[in-house]
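*Asks:* First the structure, which I've put down as structure tokens, then a few questions once you've had a look.
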Amino acid sequence: MTRLGLVVAEFNRSVTERMEAAAREAAADADAAITDTVHVPGAYDSPLAADRLARRDDIDAVAVVGAIVTGDTDHDHVIASATADTLTDVSLERDTPVTFGVSGPGMSGAEARERVEKGAAAVESAVSLTQEL
């Protein structure tokens, strides 16, 4: 059984709570266990939580979910890029799969609500990588 850590960004909570539910359902379908869940303020805050989970012996992989909605500036692009880069660093430094189930950037709130399946996809990828590696 794959043991997962789950990081959930709270910003845009109406979307991310549905992403979390999709992630939990995907874990159950894959016969994986979510060992621990860490809620963080926003996607940008997720790398530290992912790193702490990836250090643990009782976690095989970490799935991160969040939603980055566009605003009046390019801030969403900056946040998404920095988050993706840093989560990749965590995965490589810890030799642990850290999957990116963060929707955005460049999407509206309505588009974010249509993409809650990224929560399930993050878990499915984490399980797949754990089994493959």
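First residue shown is number 1, and so on along the chain.
Backbone N, Cα and C atoms are what each Cβ position is placed from, and that goes for glycine too.
Not measured: the values here are computed from a predicted model.
So Swiss-Prot lists these for the protein:
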BINDING   PHE11, ALA43, TYR44, ASP45, ALA67, ILE68, VAL69, PHE100  5-amino-6-(D-ribitylamino)uracil binding site
BINDING   ASP72, THR73, ARG115  (2S)-2-hydroxy-3-oxobutyl phosphate binding site
ACT_SITE  HIS75  active site, proton donor
*Asks:* Based on Cα distances to TYR44 (5-amino-6-(D-ribitylamino)uracil binding site), point out the closest of the recorded positions ASP72, THR73, HIS75.
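*Replies:* With Cα distances computed to TYR44 (5-amino-6-(D-ribitylamino)uracil binding site), the winner among ASP72, THR73, HIS75 is HIS75.
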*Asks:* With ALA43 (5-amino-6-(D-ribitylamino)uracil binding site) as the reference Cα, tell me which of the recorded positions ASP72, THR73, HIS75, ARG115 is the closest one.
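*Replies:* Result for ALA43 (5-amino-6-(D-ribitylamino)uracil binding site): the nearest of the recorded positions is HIS75.
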*Asks:* Pick out which of the recorded positions HIS75, ARG115 has the most other Cβ atoms within 10 Å of its own Cβ.
*Replies:* ARG115
*Asks:* Within 10 angstroms of the C-beta of ILE68 (5-amino-6-(D-ribitylamino)uracil binding site), what count of other C-beta atoms is obtained when all protein chains are considered?
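*Replies:* Other Cβ atoms found within 10 Å: 25.
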*Asks:* Counting Cβ atoms within 10 Å across all protein chains shown, which of the binding-site residues PHE11, ALA43, ASP45, THR73, PHE100 comes out on top?
*Replies:* ALA43
*Asks:* I need the nearest neighbour of ARG115 ((2S)-2-hydroxy-3-oxobutyl phosphate binding site) among the recorded positions PHE11, ASP45, HIS75, using C-alpha distances.
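*Replies:* Closest recorded candidate to ARG115 ((2S)-2-hydroxy-3-oxobutyl phosphate binding site) by Cα: PHE11.
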*Asks:* Through the lens of DSSP with three states only, how would you label ASP45 (5-amino-6-(D-ribitylamino)uracil binding site)?
*Replies:* helix
*Asks:* I need the least crowded one of these binding-site residues (ALA67, VAL69), counting other C-beta atoms within 10 angstroms of each C-beta.
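*Replies:* Relative to the other binding-site residues in ALA67, VAL69, VAL69 has the fewest Cβ atoms within 10 Å.
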*Asks:* Nearest to ASP72 ((2S)-2-hydroxy-3-oxobutyl phosphate binding site) by Cα, among PHE11, ASP45, PHE100 (binding-site residues)?
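*Replies:* Of all the candidates listed, PHE11 is nearest in space.
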*Asks:* Under DSSP, is PHE100 (5-amino-6-(D-ribitylamino)uracil binding site) part of a helix or a strand, or is it coil?
*Replies:* strand
*Asks:* Please state whether DSSP places HIS75 (active site, proton donor) in a helix, a strand or coil.
*Replies:* helix
